[in-house]
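Per Swiss-Prot, the features are:
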ACT_SITE  Arg194  active site, involved in ionization of N3 of dUMP, leading to its activation
BINDING   Ser64, Arg87, His88, Arg89, Glu95, Asn183, Ala184, Arg185, Asn189  FAD binding site
BINDING   Glu84, Phe85, Met86, Arg87, Glu95, Glu96, Ser97, Gly98, Arg99, Arg167, Arg194  dUMP binding site
DOMAIN    13-235  domain 'ThyX'
MOTIF     87-97  motif 'ThyX motif'
Amino acid sequence: MFFVMDPVFLSEITVELVKHSASDSDVVFSARVSTLGSFVAVTDCLSNRDIGLITFLMRERHGSPFEHSHMTFRISAPIFVFREFMRHRIASYNEESGRYKNLDPVFYIPDEKRKLVQIGAPGAYKFEEGTSEQYGLLIEEMKELSLAAYDTYKRLLACGIAREVARMILPLNLYSTMYVTINARSLMNFLSVRTSRANSAFHSYPQREIELCADRIEEIWKGLMPETHAAFEKQGRVAP
């Protein structure tokens, strides 16, 4: 087995827009076909009436017109983030395979902004800052165990053990990469539960790492569909 990369520890999650067919006008012409049939004029120039229609659809939760806008993202994040992401069975996923390639030694470690201490019972808890001693211990242990696991992974592969078996030794903070294709309606559902906002009609308490991922996705989507995003915000971030 051939390994060319030294171990790397990161505290970042990266999101890149690969391609899209997503605009506010997609919502408008998809909705208006209901009443105008084949006479719908497709244009990227929105009138005030068009913007009002988007707001109406969002408020009244007429969701299907929002399904005609699609985005594909390339995301690099630790495996535990992807396991939460894929609970949303409303997107298409293809992930880097540990069966078919050697996995790179890139590991996630929390930065110092990460709150470490859980206070309260499940369903009614909050997180507070940890001490410098707690943070130091966490990082020391994570790095030590990550390196030990990866060394074992390499030894298993060198002994002829299959990738799909050897990978079982690797920890959840290992980075992976996946492509996600999702429509705007499904994306709003994802954002409604994976972000925490003061104006949300239904408050959510996402894990910090998946919220970082969601924040980056939302910023990209907002640039593609600003009027749809504004309507989403106005209606308390409830998916239609």
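Along the chain as shown, the residues are counted starting at 1.
Using the three backbone atoms N, Cα and C, a Cβ is placed for every residue, glycine included.
Note that the coordinates shown come from a computational prediction; the quantities given were computed from them, not determined experimentally.
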Minimal Cβ count within 10 Å, across the recorded positions His88, Arg99, Arg194, points to Arg99
Indicate the candidate from Met86, Ala184 with the smallest number of other Cβ atoms within 10 Å of its Cβ, considering only these binding-site residues.
Met86
Please list, for the motif 'ThyX motif' (87-97), how many residues fall into helix, strand and coil according to DSSP.
0 helix, 4 strand, 7 coil
Please determine which of the binding-site residues listed here (Ser97, Asn189) has the lowest count of neighbouring CB atoms within 10 Å.
Ser97
Around the Cβ of Glu84 (dUMP binding site), the count of other Cβ atoms that are within 10 Å
15
